[in-house]
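Feature annotations, courtesy of Swiss-Prot:
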type	residues	note
BINDING	11-12, 32-35, 58-59, 80-84, THR99, 167-171, ASN197	NAD(+) binding site
BINDING	SER84, THR133, ASN196, 206-207, 222-224, ARG231, ASN266, 296-300	substrate binding site
ACT_SITE	ASP134	active site, proton donor
ACT_SITE	GLU135	active site, proton acceptor
ACT_SITE	TYR167	active site, proton acceptor
Amino acid sequence: MKILVTGGAGFIGSAVVRHIINNTQDSVVNVDKLTYAGNRESLADVSDSERYVFEHADICDAPAMARIFAQHQPDAVMHLAAESHVDRSITGPAAFIETNIVGTYVLLEAARNYWSALDSDKKNSFRFHHISTDEVYGDLPHPDEVNNTEELPLFTETTAYAPSSPYSASKASSDHLVRAWKRTYGLPTIVTNCSNNYGPYHFPEKLIPLVILNALEGKALPIYGKGDQIRDWLYVEDHARALYTVVTEGKAGETYNIGGHNEKKNIDVVLTICDLLDEIVPKEKSYREQITYVADRPGHDRRYAIDAEKIGRALGWKPQETFESGIRKTVEWYLSNTKWVDNVKSGAYQSWIEQNYEGRQ
């Protein structure tokens, strides 16, 4: 099987590519624009494989997408290419509209034109797998807002869409496009919506890698608001396994939610990281003393939590990592891969960090 992966140099995309090349006999065509968050060093251990090809291209480039489909003749598409950071979407939404909505449209059309010319067997087996986020659902009631006797709700595959940020609105739009191409044109699509990912090779603008690296450098550990926002944390390699299971075994037209069963307050995640660093690389004072509370993000969702029962029941997937095992692996990875970290932390990254956090003190 040959799988066209978009965004395969990004955080989740590179985990998917590594999983496919290292654990299956399938081939990968990796299409990536190589924005600030795309890093080919994350694919160093698979880049020499005969089953791996890299295409430096923008999914918004229709002629390039048509050429790639015609040249490589994929059996499936896993569409992960996206702008994904909420803070960046607030200060610069245009890139999110262009990549996440227009780019998905261009890719859908390229896939549809290619798929329509396939023979019947290949048509039936072809899949267009669109990888999305639980943020399209908005947020859920927080424990502080409900009676303690009430069972807290979870996002399911039938939860209504209510995106809160430019990022989640752009992903919701792309989800709707993908489902429309299934209903209107018959393109065999699948959508997955995941909870917050963490793990190795994560670009250090997101909470967990930012906290690890700031802690090690003696910098402040910025916490939005009171830090009581709750997220369901999914180890990225568990997610990669789930995505491969969906593209190879999932049913066209279906949606599958993918979660880690690990609801944690942001402040508790940060405290856990500090305690691990105190254990592994102790210093005179606890890393907890570097925690600093900053102004909250505009429209910050208070709680996300995924009901992943469907994918477990239908496809037999479940996460292998607990949060405790996964976060330890993550901290140890960053401690052991300082060269990768140094290479991704460019001047542009430093400027963005200063712009985003200094104004929130």
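Glycine too: its Cβ is placed from the backbone N, Cα and C atoms.
This view paints the features noted in Swiss-Prot onto the structure.
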{"residue": "PHE11", "record": "NAD(+) binding site", "contacts (Cβ under 8 Å, 6+ apart)": "ALA37, SER42, ASN197, TYR201, HIS202, PHE203, VAL236"}
{"residue": "ASP58", "record": "NAD(+) binding site", "contacts (Cβ under 8 Å, 6+ apart)": "LYS33, ALA64, GLY103"}
{"residue": "SER84", "record": "NAD(+) binding site", "contacts (Cβ under 8 Å, 6+ apart)": "GLY10, ALA37, THR133, TYR167"}
{"residue": "ASP134", "record": "active site, proton donor", "contacts (Cβ under 8 Å, 6+ apart)": "PHE155, ASN193, CYS194, SER195, ASP232, ASN257, GLY259, TYR304, ILE306"}
{"residue": "GLU135", "record": "active site, proton acceptor", "contacts (Cβ under 8 Å, 6+ apart)": "VAL86, PRO163, SER164, SER165, TYR167, SER168, LYS171, ASP301, TYR304"}
{"residue": "ILE223", "record": "substrate binding site", "contacts (Cβ under 8 Å, 6+ apart)": "ASN266, ILE267, VAL270, ILE291, THR292, TYR293, VAL294"}
{"residue": "ARG231", "record": "substrate binding site", "contacts (Cβ under 8 Å, 6+ apart)": "SER195, ASN196, GLU263, LYS264, ASN266, VAL269, ARG303, TYR304"}
{"residue": "HIS300", "record": "substrate binding site", "contacts (Cβ under 8 Å, 6+ apart)": "TYR224, GLY225, GLN229"}
Query raised in the report: Of all the binding-site residues given, SER168, ASN196, which residue's CB has the most CB neighbours within 10 A?
Result: SER168
Report task. State the count of C-beta atoms found within 10 angstroms of the C-beta of PRO298 (substrate binding site), not counting that atom itself. Result -> 10
Report summary line: Neighbour count check, CB within 10 A, over binding-site residues LYS33, LYS171; minimum at LYS33
Requested in this report: Report, in whole Å, the straight Cα-to-Cα distance of ASP296 (substrate binding site) from ALA81 (NAD(+) binding site).
Outcome: 28
Report summary line: The most crowded of the binding-site residues ALA81, LEU207, judged by neighbouring Cβ atoms within 10 Å of its own Cβ, is ALA81
Report task. Check ALA81 (NAD(+) binding site) against DSSP and tell me helix, strand or coil, would you? Result -> coil
